[in-house]
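Notes for the one structure printed next.
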Amino acid sequence: MMFHFLGTAGLGIALSWLVFTHFLQSSCRCQPWEPCWPSDEQWELLNRSMEFTLVRLQPIASVCYNHSLDHTLCEDVMRMSRDSGWRASQPGALQDWVWESGQSPGDACPLGSQMNGHTQCHQGRIPLYSAMVNSTKHVQEAVMFAKRHDLRLIIRNTGHDLAGRSSSPNALQIHTHRLQDIKFHDNVQLHGFEKSFGPAVSVGAGVMMGDLYARSAQNGYIVVGGDCPTVGVVGGFLQGGGISDFLSLHHGLAVDNVLEFEVVTASVSLPEPDAIQYCGFLTLRQGDIVLANAIRNPDLFWALRGGGGGTFGIVTRATMRVFPDVPAIAAELGVQTSQSHGEYSRSLAAFFTVLQSLNRENVGGQLIITVISEHSIEAKLKMFFLNQTNTADVDQRMQPFVEDMRRIETHVTYESTSLPKLSMNYRQVPDIHTDNDYGVLGSTVAISNDLFNASKGPAYVADGLAQLPTRPGDLLFTSNLGGQVMRNGDLMETSMHPAWRNATQLINFVRPVEPTIEGKAGALQNLTNIHMPLLYAIDPRFRLSYRNVGDPNEKDFQQVYWGQSYARLLQLKRRWDREGLLISKLGVGSEEWDSEGMCRTGRRSLENLAIDTLSSLAHLIHVTYRCIW
């Protein structure tokens, strides 16, 4: 009886302590100046557990400043920093370096021409440590460490992100870029299924688009992927939807074609310890490795198919469908025109008419508009006729459009190119950035099938885009939706905004930005207050944006990114990441945290605290009484 009393009293103390510590830990994550921050010895233990792949991060430009100045290395970094492939491999760099700077004046470590006037290098938004993982076990170790010490955890693959989601100050980064395995399957068999699913490829989290294109071409395949060769295949691109500029018309979104994910979960469970050996000890174990497909963990599979990267777990591998690498004819129609509203609008309407007409014939393409100067714009429309080998046939089909354009514009160009394999169009070599030392910001808006395919749809969209204030260096381009993207709405279920199944074009707007705190702030203000209202006004009742390239200050992100899918996504977020280890800017559940994912905010956090605490208490009661009896 006395033993029972002491056990109950001990349990009460334990429960009280759990509630108290859970409350303390759930408000803000641990910061370097706080006693909770891991000691050097604890960081070294993590390093050993990960086979010495943990590194202490500094911005790549740090070698150019006094405390660690190395002139030769500085020159090398300045030269290599323009190589997108090199940046992808560097955990202390981002592709869009406007997000490397912090929020306070001077909290940056600029490189190149932006160094003028800067005498010190500051950390900015570059995480303090990076787990440069080589295996799923390394990912598990990093997850366990971040959970145990209540650290901000960031997932980075190649650093491509226009909203700053690949970095955060005072964080531990998991750098997935070394997970480079690629395996092709002639007829893939998924876990839990008796049937097979045809040709597919399994891709590690660090594989870049250009590398996958090259390997796929060697095997006679193409994949639904993006245009940039250094974007990671499996990370935010795939989990955010994955749009191919012209192949989505034929094969749907990339996320429509994913068959299975391998995931290290964010939740770290409290295991039931052995009643004899471990009574009195409750230890956290590593994040579980799970498979998610239509049969195994189907709710997680649904969430990962459009719910956004770095949110529900750390994806370490994905298996996707591949398609035959067919021949094609690429036909390019171009003009150089004035920014005069009437002339510009008429040219755009002609381009959109070509897109409208050829999309109905299952021919996809992309319009790219580059602002050359204050008075000059260059526009090129590239259409892809799949399974075609005769340029004369394509030229004949394009001739009426060329003649229509010549009635509007003086400077018109046209050419057609035969591609023995469609993969020849894909860029497989990393981009080399220009010499302007600028980053970029941008956003997107989708155009509905109802508007675009109306009789006056092309003219209406063109007139709306012509209203957009631009400056030299700005870029506007389309991504072709419709076709199989729309048909897939009846064939499969993803967590994408349902309105994607009624979208025919995605308008992308990108602006070069001086990578300073002031430059970023001014550009963000213009993007949110001027450009996005004008873009949304083109199709105001549709109001759909692409989360992978969205306004970093989007206030209504739940609705414009996910719509009616959001409620279920939030429910699954609380199931698979109950304590909010993975918070992505403008991602599912991020409204419960501050802008950097450091501190919980608002009433919902208290509700989560109660749910989490009760769940932990229930498990503690179960384990304790098992030991007592």
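For all residues, glycine too, the Cβ spot is worked out from N, Cα and C.
Residues annotated as domain 'FAD-binding PCMH-type' in Swiss-Prot, with sequence analysis given as evidence: 122-325. Sequence annotations record features per position, and here Swiss-Prot assigns N-linked glycosylation site to ASN47, ASN66, ASN134, ASN387, ASN453, ASN502, ASN526. The signal peptide annotation in Swiss-Prot covers 1-30.
Overlay of Swiss-Prot feature records on the structure.
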residue	record	Cβ contacts under 8 Å, 6 or more apart
ASN47	N-linked glycosylation site	THR53, LEU54
ASN66	N-linked glycosylation site	THR119, GLN120
ASN134	N-linked glycosylation site	GLU51, THR53, ARG178, LEU179
ASN387	N-linked glycosylation site	VAL326, PRO327, ALA328
ASN453	N-linked glycosylation site	GLN356, ARG360, THR504
ASN502	N-linked glycosylation site	SER448, ASN449, ASP450, MET486, GLY489, PHE542
ASN526	N-linked glycosylation site	none
What DSSP gives for ASN47 (N-linked glycosylation site), in three states, is helix
Per DSSP (helix/strand/coil reduction), ASN453 (N-linked glycosylation site) sits in coil
The average per-residue pLDDT within the domain 'FAD-binding PCMH-type' (122-325) comes out at 91
